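**Q** Got a structure for you, written out below as structure tokens; questions coming shortly.
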Amino acid sequence: MTYNKRLFTSESVTEGHPDKIADQVSDAILDEILKDDPNARVACETTVTTGMALISGEISTTTYVDIPKVVRETIKEIGYTRAKFGYDSQTMAVLTAIDEQSPDIAQGVDTALEYRDEASEAEIEATGAGDQGLMFGYATNETDTYMPLPIFLSHQLAKRLSDVRKDEILKYLRPDGKVQVTVEYDEQDKPVRIDTIVLSTQHAEDIELDQIKDDIKTHVIYPTVPESLLDEQTKFYINPTGRFVIGGPQGDAGLTGRKIIVDTYGGYARHGGGCFSGKDPTKVDRSAAYAARYVAKNIVAAQLAEKCEVQLAYAIGVAEPVSISIDTFGTGKVSEYELVEAVRKHFDLRPAGIIKMLDLKHPIYKQTAAYGHFGRTDVLLPWEKLDKVNLLKDSVKA
């Protein structure tokens, strides 16, 4: 029996990928600042390349952070500890070029437009959005984590690849690596099997490709991917170029915010374009994307839809979102209008409301900077909680 199959592919990268190094450094600096100054304004950008890291951006804070020390410690944790790896946390140069946040932006963020116009602190205690923009959140019931299977498995494989390196199960592995998973979906849009796995890992020079292929299957793929999803037709491409010795920042420059699809839903849902890392929670690029995921996940967990995408949009200096849009792709049990009204009732989607609702003024961000911001099974993140399920169910009944 044949059916109309559909293939979908997502990718992830390891913590040693140059762009992910940059994300982790930016978020490590953010976390270090938030430890002492939860109200700091941070927009921290990192560039890494051979022998150096450049930290730039705008930071307004009352605390002091030894930025070069944070950079070196973060890169050491990732595993770049020897010059022969092409990047050494101890001998690399760290350059900084930090300014304060623009007072024009601060005016809109510190006191929302509604408050400045109406001068009614009792009515509106809100932080204005730090920028205009649109953000998306998504959830699906195809996995227990409410994530699309391709990106979920890509993250699991990338994390496992780093774990076997750090645990010295495969001592010849180096920090840089990428994973790509292609999943086959049936006519009911349910995942049925894995069609292709692509995995590239940096390695020591004196190792044979055949051994890498065997070891990766034995220690990374088979312990991670459910056996039921693999079959004789599944294709494996492991280090398909044949050699991956030069990697990390020596092989490619890395920048904060260059892996926004890896960070979110692997291309399965739309993206507003703004990155997360290095930004404090007054930046709606980050906080509103987390809130949109929180909303979508609770809608799907409440069984009001099988899949759900939420769009939020903001104007700089204005607290209330200018629009809330929900798409259930024909799987909704109630109308999308009803869902929007229920969301307006039970979720405070003003920037200050999001920060309070999700308790975002804490140093929780570095752990999100590799292996995805959503659907994590190894860390507890506030936007993944399912505490609005019953409220949503009751709201649409009424």
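Note that Cβ sites are derived from N, Cα and C of the backbone, with glycine treated the same way.
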**Q** Between 101-111, 277-287, I'd like to know which one Swiss-Prot lists as region 'Flexible loop'.
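**A** From Swiss-Prot, the annotated region 'Flexible loop' range turns out to be 101-111.
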**Q** Measuring CA to CA, name the entry from the binding-site residues Glu58, Arg243, Lys259 that ends up nearest Asp19 (Mg(2+) binding site).
**A** Lys259
**Q** Considering all pairs of residues in His17, Asp176, Gly177, Lys178, Arg243, Phe244, Asp252, Arg258, Lys259, Lys279, annotated in the record as contacting ATP, what is the maximal C-alpha distance expressed in whole angstrom?
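**A** Largest Cα to Cα distance for the ATP-binding set is 36 Å.
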**Q** Tell me, by DSSP, whether Glu45 (K(+) binding site) is helix, strand or coil?
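**A** Strand, per DSSP.
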**Q** List which of the binding-site residues His17, Gly177, Arg243, Asp252 have their Cα within 10 Å of the Cα of Glu58 (L-methionine binding site), in sequence order.
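**A** Near Glu58 (L-methionine binding site), where near means Cα within 10 Å, there are no binding-site residues at all.
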